Amino acid sequence: MLRKCLVHLKGWVALYIILGFAIQFLSSLGIVVFQKILDQAVDGTGIREITHWIIIYGALLGANVILNYADEYPGAHLSNSITERLKILALSKISRMDYTAYQNMGTGQMIKVIENGAAAGNSILFTFILGTLHELLPTILFSLFFISYYDLRIMLVIAGGYVVIFVITNVLLKYLYRIKASVLKEQEAMSRYSIRGFMELVVFRTNKKYAQEISRLNDTARQIIRKSAQLQMIHEAFFALFELFITVIKVIVLLYGVKNVISGQASVGVMVALFMFIEKIYAPIAIFNVLFVGYKLNRVTYQRFEEFLNAREDANLEKGKAVARLQGDLEFREVSFGYGEVQVLDRLSFSIARGTSVALVGLSGSGKSTVIKLITGLLKKSGGKLLVDGTDIDELSLNSYYDHISYLSQDSPIFDTTIRGNMVFDQEVPDDELYAILDKVNLKDKVLELPEKLETMVGERGLKLSGGERQRLAFARAVLQKRNLIILDEPVSALDNITEKSLMGTVFTEFRNKTVIIIAHRLNFISRVDHILVMEQGKLVGEGDFDSLIQGCDAFRTLWNSGRGQTD
Ligand SMILES: Nc1ncnc2c1ncn2[C@@H]1O[C@H](COP(=O)(O)OP(=O)(O)OP(=O)(O)O)[C@@H](O)[C@H]1O
């Protein structure tokens with residue numbers, strides 16, 4: 001994935017590296033020119049000759065300033081592109097991900113894995129790989145080259161010392177990995193605990209859950225802080241170790257340098273230049289060591305992101321027979337489904353004829369939503385056949401199937417855009433038509449009252465609307481879509497009885513001759529549907545119209561008499 005990112009940005013990468021080499025070459029050349037100026041001054045060369053070199057020195061420094069400034073642009077472009085690209089990759093992964101893999105991961109944990117992973121990916125590519133190629137490598141190469149030009153032995157000692165430190169680093173790294181992996185796990189747990197608290201203020205406040213969650217977070221945070229401090233100290237130890245090594249080299253160079261200057265074997269300029277190169281080489285080698293440790297640790301984080309990117313995908317989204325037209329005939333033939341070992345549906349069989357309205361009823365946990373998720377292709381059956389217009393759903397391309405269905409779930413059926421955007425996405429539909437539909441779902445007056453009317457932004461998950469208004473707006477979208485299969489998963493749970501009655505009236509007129517599948521706990525409108533399926537513990541225990549079920553199905557009668565079906 002990271003390689004793909006680099007290839008995608010190859011032009012910028014090449015420019016960034018070339019600029020890095022140019023900057024370091026000019027800067028090293030500057031030191032050599034400085035050494036010449038110093039030695040000529042000590043030797044008593046004429047001022048005209050020296051001025052000539054000083055102008056060259058100034059020009060080199062000036063050119064370097066300009067290149068350094070120009071270098072900022074590709075740097076900023078690359079660092080931002082990498083993070084954003086990885087986040088886009090993550091969202092596009094979710095668009096293809098198998099639904100059960102998505103459920104298993106959990107939103108809070110997934111967000112942390114993505115955030116950490118994108119940041120780690122950026123550190124690996126930009127900070128480590130590109131940072132090494134752009135700055136560290138040219139600095140080290142040019143410095144070693146020029147040091148060897150003055151004294152080959154010093155160059156060899158520095159290069160050898162570096163190898164020793166690098167080996168020690170690698171040994172210590174194994175210990176660091178373990179701490180890092182456990183910090184990551186704690187961070188993901190923290191995100192998992194906190195994300196619902198951030199998102200669902202009302203539920204948490206009224207259930208007085210915040211105190212418990214905050215105490216849980218406190219424990220986790222303490223672990224993270226302790227382990228992160230440990231990590232930081234070990235990390236910094238690499239830097240300190242190398243600094244110590246370079247200090248020894250500097251003392252040795254000073255000792256020999258002063259001796260050679262006194263005996264006339266070396267010039268002051270050469271000694272100063274050597275010191276400048278050692279200073280120059282010290283920082284990148286130490287930084288490389290730290291970056292290398294950072295890189296190895298980031299790989300641990302990135303691996304978790306990669307596991308997410310490699311999560312199972314829904315093979316049916318694109319592959320399979322394209323659905324050009326959907327009539328809306330559905331048939332479950334001995335369909336079974338389970339979550340792991342737990343069997344939820346057991347050889348379920350029923351048919352839904354095109355153009356009919358069907359209600360799925362049953363006690364909580366009886367398997368209604370599971371049936372809907374199988375019909376929408378989110379869950380995959382473990383046995384039997386689920387036929388859509390005579391073809392098994394596993395053979396259909398789901399993305400083409402979705403062009404023909406309207407699905408309204410009970411929670412957040414709204415997107416963070418305008419009222420218009422929620423109804424039509426990006427289609428052009430005249431305002432008159434939109435208001436006519438809003439009228440049908442009892443939302444026209446509300447929208448006309450808003451200062452920005454159809455252009456009003458509804459907020460994240462439609463939070464600026466009431467629950468019932470959100471559901472009615474989602475209904476307006478379904479009416480406008482004019483699809484042949486309409487799936488309504490608890491569509492009226494947030495509505496009062498009067499609005500519910502009027503909206504269900506709209507359903508039966510607007511969706512006449514379409515296949516409509518409704519899940520509902522409240523059975524107020526149940527006598528109006530063509531067919532009712534009664535579920536109990538993953539099995540069908542009755543089906544028929546209202547009258548026949550009231551007379552012949554105990555489970556249905558119990559549900560009806562339990563008060564759910566009584567209109568106020
Ligand atoms: N992700 C899951 N992992 C494991 N079991 C699950 C999962 N989702 C649902 N179940 C189980 O599957 C069974 C059927 O659940 P389902 O959501 O289909 O019921 P339902 O009839 O729609 O319930 P409700 O009316 O409460 O929404 C339940 O026993 C539930 O505990």
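Our numbering is plain: 1 for the first residue shown, then up by one each step along the chain.
Positions of Cβ are set from backbone N, Cα and C atoms, glycine also.
Bear in mind that TrEMBL entries carry predicted annotations, made automatically and left uncurated.
Listed in TrEMBL for this protein:
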TRANSMEM  12-38  transmembrane segment
DOMAIN    14-297  domain 'ABC transmembrane type-1'
TRANSMEM  50-70  transmembrane segment
TRANSMEM  124-148  transmembrane segment
TRANSMEM  154-177  transmembrane segment
TRANSMEM  237-258  transmembrane segment
TRANSMEM  270-295  transmembrane segment
DOMAIN    330-562  domain 'ABC transporter'
Among 12-38, 50-70, 124-148, 237-258, stretch most in contact with the transmembrane segment (154-177) (C-beta, under 8 angstroms): 237-258
Positions whose Cβ lies under 8 angstroms from the transmembrane segment (12-38), at least six residues beyond its ends: 6, 50, 53-54, 56-57, 60-61, 63-64, 67-68, 70-71, 74-75, 77-78, 81, 130, 133-135, 137-139, 141-143, 145-146, 267-270, 272-273, 276-277, 280
Beyond the flanks of the transmembrane segment (124-148) by at least 6 residues, Cβ under 8 Å: 2, 5-6, 13, 16-17, 19-21, 23-25, 27-28, 31-32, 75, 78-79, 82, 154-155, 158-159, 273-274, 277-278, 280-281, 283-285, 287-288, 291-292, 294-295, 298-299, 302
